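Encoded as structure tokens, the structure appears first; notes follow it.
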């Protein structure tokens, strides 16, 4: 309420015509610190008092004391300071209203406030009573007022009030704890002179659920809160009445105690009386518990109870009591004849549950197809005779009826007449006749019309005949058989219903069958069967052998050999013999017994609930069978303890070591059966069945679940939401009551764990509805209890009501109302207040516009031919026994809709028309607008939208908008979706393989199609799986294949993938619109290499590589091995008895059927470990300045060795984890003389160690280039030989690129003008009295601008449209090359290639650029090559001429040396050469000559003439160039050149180098005598550890370390190719070294003598002599070359190298 209305309301309290003086305001007003308050006030004065200048309104605080001015309408300055800005006069003196507003209240504001008004000096009035204001720090709690008695179904008001009111901010009262669906609140505020207050009223419809509810009223003011509460006591009739049945959760058996308890969930006041009813009849019991001491058939029925209190009563839902028992009734009751109908009925007491399942047994054998309570034997036959009983079963157990006998009378069947002969002498015959009949028949046995025996006593009295009889059985024994005893014997059977006869042809001369060595043999033993007969042996005699009555073999032999008898050979054998004239009778059967060890046992476990009758409880059955002969000893073990054996025992349970009396053991041959009554927890788990006899043993295992753990839910499995549920895990175990932990599972997922056997759900919520199970954790292997379903009941939630509009089918709407409730709710749909349909049935005719369909908690109403009158509010109400709720929506019928022709369901490419329809007639000029997925379609403005061939991208939601001319409103249609179907596309087939223990293969096929496609997965031509039938194929499904199907997805899992599963799989996808397919190769990795003892072994160890194959046909496979990609041998495994480093390589095996490509395994690498060897220690010195020395130690070791480097006994460095394996590097920066000396390196690994040492000498002489090492061409350069240790006189010798340049006393070389010829490597030697010292080479670089640019081109003869353009230049530093055409850059050497379209591959080298050009035009093209570096640039132009010619070689381009060769330049296309034509030839781009003839002839081609040739034809019409061709001249190897190098100090290392010249390349071999030492072919010779071979084209080098005596001798180097061969030989050994030493000693002696003579010649002659001696000494110390007829030996000093002439060999190292 606004402030002004409140003032007007306040002014209304002043009556008109008031004639007295006075002020009215509340007695007291309350406020809270920080808030505000209003003091309502009105005043009055006589009507005759004149008001000349208005009325002055004044409010005072503490009027009788301090009299502080609070508000002054005339002079605000008089207001007390503490009230300024916090008070506001809200009244209007003219209307005699004097309200005062106090803001930002403080506790100090408490006190009396008085109002005074002044009209004139005479007329003024003060209120002496005033208003008491109270301001507190905290608000007082609100006051709640409620009715005295609350009764269910009544409506009451609860009032909450507070004295606090503030106009500036809201003072809020709020009710809490009420049910919003059944309550409403409203508030009011009081501003009157009589008082101020705020009231909040709660109006509620009382329900029994409100009993005990706490209502709270909360006050919010000035950031403070306070609340009051009230507890409701609602009287109501009893609620939640139901009957609890005990026992529950299982079947109630006859004789058991049954208790029915009437439970009342809530009642206020308490229940006063209980009534019981059975089948609607009232019982005498008036207590809350009904006891049935011994349940009987008559106790079954429907029970209810009624609870009553002072308010009302309630009847419980009915509960059915069923006594779980059965009995069988047979009809007819008398004798039963064949072809009569017999009916057996399995009767149960009343109120039998509907979920009963019936089973029928005949002679204790289950009848598979009989599962109803009635068993009918139509046209009964003799086979129906037997004992019958029925079994009723539900989820809690089963119960069997007593057996009844059914006997079907019938006449005798055909008798069975058999004959036997005595097996040894054949003098006794036995005939046996048996028959089946009911009642028993009389049997008569006769021969030739003469009765020999009968069951009635008539028989032949001859002593040779003796007969015995039994029920339906007759036996006749004939002694001293005679020929007359042969013939036809007849057996007749007769009873009251008929008779039957059979005959037998008996032969007294029947054959006999003998078994050798015995009738009982062991499997695998040889057995001979012999057939003896009385027939004379003749050549045409034939013997027939029969096994179990079937012909087995026929032949001339009287013996049948079984070379290795098996269990399948066991059985009954007989034989026949015949010749050309007669035949013997069949022999008597002889039984062959084959003994064999136990096969795999069959072990099954089962649990029967109440299988043996009422109260029997649970019965566990463990059954173990085995196939063996002799019968096996069976033994059942549980947790390594023998439970039962098949051994005979003296009685009791001694065989199981003191078993429980609950356990019953049944034994039979090859069978062991154990029954456990009420199994305990300790008896659950894994059982092992072992079978053994004298020939072997076998075993198998199975898990037994005795349901020792049972989950019970109390009070019931079905509860109301908000009640309490107790879940108890009952465990039957030996240690009952001992502490245990329990695991709880909800819907199969672990839910909780703890020591409590009972879990309480309080309150029960609907989300608690689930399958619950439990398990005890104390016992290992304990089984889960049987899951129990908890159902939760709750009233309906608020329904969900939706409306769907279908504009394509006659303007139809579909209303769908769904709700969540349990039990199911009754749904009702209203239009306004008109009921349209309910879930019980439609309220309108279903054949009209309305069509209703109801499902569980769902109601659908279809409204056809919508009209504008169908718009409005629709309401759906849901009701069940627990409550009700409703919801509503407003439905608007649109003025327009979209019609689709032919249908919204379309195929891709189909024509479709969309029409925009409206309810009323369409006026002319109506405009239309179409939208797809909410976006306007600009191209269509007519009433129809057409698609000649719709595509997938055009699918979507379409709607239209129609607007009549001159109308401001539009008709908007609801969207309608177009669904476009299409054929399968984008088929993908993915294969994965997991090589873990399960070897799981996965094939996943996906496709994009609509409608979803049918997927078929084929392996070759075999169907493996499909989306229709899962795993399938002609041979049936395999248990290894698991199929998962989803829309457009087919997943195949192959468990235990094998070799046969590999190959190409095809996935075919098809729907009604088309098909597509994809294929993939599946690799099951079924072939693997197994290495024993492992993939990492030590050198010299035994290694075995086995090819493992997962396959079903291992015997039909062949094996192939590959070592480093090379095929090795065919075997299942490869033994390596003494593995070496050469074996450390990659291995793989291939497996496949003969004649087919093998399936290869994945390669596995064999890692061979060996001790450290080939330890090398080297050093390098920096070439410039010698400021860095590098010491490098390397070793060959596996595993990598630990390297340590030391100098003078001091460790300098060692390898770490971050070091390069088998390498140790030491850098000495600024080395000093003290760093010289011997360095040692040691290599150590777990397999061994090695050591080596090296002397380090620092370099003292170096070459200095001034001003720098790189100078421009033409600049001066000085090369200085710096030797700090030189002493005059010093002789300096200079070398350029390894060649001697000059020598003299000058230490420098000066070049005034540097040219490119000066570039290269410079080194020097300094020689003085101390000796000779050499420097390392220093490189001089002369820089110059690019020059000699050459642009050449040719066309590729292999591809007519491709040409090659090459640009080369000479420059230093290298130039940057660019190739352009028509001003566009095609390629550069800096890496920017293919800048223009049409360019091809680019090759870049130093100062060279090569470009392949594709699609070359027919005409000539001009190309520009530009070269540029820092010193300048150059460019050249070349033309890519049209290839109009081709070089033709006769006989070819590969020609033997000395043969004749003609190269012809042939023109392409057009006429041949004419007059004035010239042909120029080029060899390696060098012009040879020009001739008028197109042929270049070679009479005897030589190897020097090999190279590149092309021709240029200059014709009158223009020039034509050919592409170059390569000419190869072939020649046999010349005599090889063989060089031998021996280390001069000790001769411990040597090198043999053999080279040859040949074309094609030759194959080189090196022999020592007859031993092949090395070859240029791969794996040509087994290399020894100390011999290293290096092969290159036409060259073979052999390094021999630690030279042995066996390595010395005459070596022969042979070279051969297809044209011939050549060889040479030389001696290699220390013999040449000894000769060299002797020669050196001789040189020293001669040199000394010559030196003494030359001293006499003077200083000049001495100088000349000294030079010659130095050179000779250098040669003697460092290099001596001895040339013999067949050997060349060169020794080198590793610390120095010299060259006398340009022809000396370069130093090695």
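Residue numbers in this text run from 1 along the chain shown.
Here the Cβ of each residue, glycine as well, is placed from N, Cα and C on the backbone.
Cβ neighbours within 10 Å of residue 36 (disulfide bond), excluding its own Cβ and spanning all shown chains: 23. Here Swiss-Prot flags 36-166 (among others) as disulfide bond, drawing on sequence analysis.
According to Swiss-Prot, the disulfide bond annotation covers 433-491 (among others), on the basis of sequence analysis. Residue environment of residue 433 (disulfide bond) contains 27 other Cβ atoms, counted within 10 Å of its Cβ in all protein chains.
Residues or ranges marked as disulfide bond by Swiss-Prot: 531-575 (among others). According to DSSP, residue 531 (disulfide bond) sits within a strand segment.
Annotation comment: Swiss-Prot describes 624-689 (among others) as disulfide bond. DSSP assigns residue 689 (disulfide bond) to a strand segment in the three-state reduction. The Cβ neighbour count for residue 689 (disulfide bond), using a 10 Å radius and every protein chain shown, is 26.
The feature disulfide bond is assigned by Swiss-Prot to 817-876 (among others). Remark: residue 817 (disulfide bond) has 799, 800, 801, 827, 829, 858, 859, 860, 876, 878 as non-local neighbours, by Cβ distance under 8 Å and separation of at least 6 in sequence.
Summarising the annotation, Swiss-Prot assigns disulfide bond to 916-960 (among others). Taking all protein chains in view, 28 other C-beta atoms sit within 10 angstroms of the C-beta of residue 960 (disulfide bond).
Per Swiss-Prot, disulfide bond is recorded for 1005-1067 (among others), and the stated evidence type is sequence analysis. A sphere of 10 angstroms centred on the C-beta of residue 1067 (disulfide bond) encloses 26 other C-beta atoms.
In three-state terms derived from DSSP, residue 1241 (disulfide bond) belongs to an extended strand segment. Marked as disulfide bond by Swiss-Prot: 1193-1241 (among others).
Taken residue by residue with DSSP, residue 1324 (disulfide bond) is part of a strand. According to Swiss-Prot, the disulfide bond annotation covers 1281-1324 (among others), on the basis of sequence analysis.
Look at Swiss-Prot and you will find 1367-1425 (among others) tagged as disulfide bond. For the recorded site, residue 1367 (disulfide bond), the DSSP three-state label reads strand.
Look at Swiss-Prot and you will find 1465-1511 (among others) tagged as disulfide bond. The Cβ of residue 1511 (disulfide bond) lies under 8 Å from the Cβ of 1445, 1447, 1463, 1465, 1479, 1480, 1481, 1482, 1494, 1496, 1521, 1522, each on the same chain and at least six residues away in sequence.
Residues or ranges marked as disulfide bond by Swiss-Prot: 1554-1613 (among others). For residue 1613 (disulfide bond), the count of additional Cβ atoms within 10 Å of its Cβ stands at 26 [all protein chains shown]. Secondary structure at residue 1613 (disulfide bond), taken from DSSP and collapsed to helix, strand or coil, is strand.
Among the features that Swiss-Prot reports, domain 'Ig-like V-type' is placed at 20-136.
Feature annotation from Swiss-Prot assigns domain 'Ig-like C2-type 1' to 139-233.
Residues or ranges marked as domain 'Ig-like C2-type 2' by Swiss-Prot: 238-320.
Here the domain 'Ig-like C2-type 3' (326-405) returns a mean pLDDT of 89 for the predicted model. Under the heading domain 'Ig-like C2-type 3', Swiss-Prot lists 326-405.
In terms of DSSP helix, strand and coil, the domain 'Ig-like C2-type 6' (601-705) has 6 helix, 59 strand, 40 coil. Geometry remark: residue 1281 (disulfide bond) versus residue 1005 (disulfide bond), CA distance 79 Å. When DSSP labels each residue, the domain 'Ig-like C2-type 4' (411-507) comes out as 3 helix, 56 strand, 38 coil, counted as helix, strand and coil in that order.
Residue counts for the domain 'Ig-like C2-type 7' (708-785) by DSSP state, with H, G and I taken as helix and E and B as strand, are 3 helix, 38 strand, 37 coil. For the pair residue 916 (disulfide bond) and residue 1005 (disulfide bond), the Cα-Cα distance reads 43 Å.
Secondary structure of the domain 'Ig-like C2-type 12' (1176-1248), assigned with DSSP and counted as helix (H, G, I), strand (E, B) and coil, comes to 3 helix, 45 strand, 25 coil. Across the range of the domain 'Ig-like C2-type 9' (898-977), the DSSP-based residue counts are 3 helix, 40 strand, 37 coil. Here the C-alpha separation of residue 166 (disulfide bond) and residue 1425 (disulfide bond) works out to 97 Å. Here the Cβ of residue 1465 (disulfide bond) has 25 other Cβ atoms within 10 Å, regardless of which shown protein chain they belong to. In this chain, the domain 'Ig-like C2-type 2' (238-320) lies in contact with the domain 'Ig-like C2-type 7' (708-785); the count of Cβ pairs under 8 Å, excluding pairs fewer than 6 apart in sequence, is at least 3. The distance from the Cα of residue 689 (disulfide bond) to the Cα of residue 1613 (disulfide bond) comes to 76 Å. If you measure from the Cα atom of residue 1554 (disulfide bond) to that of residue 1425 (disulfide bond), you get 45 Å.
On the backbone, the CA of residue 1005 (disulfide bond) and the CA of residue 960 (disulfide bond) stand 41 Å apart.
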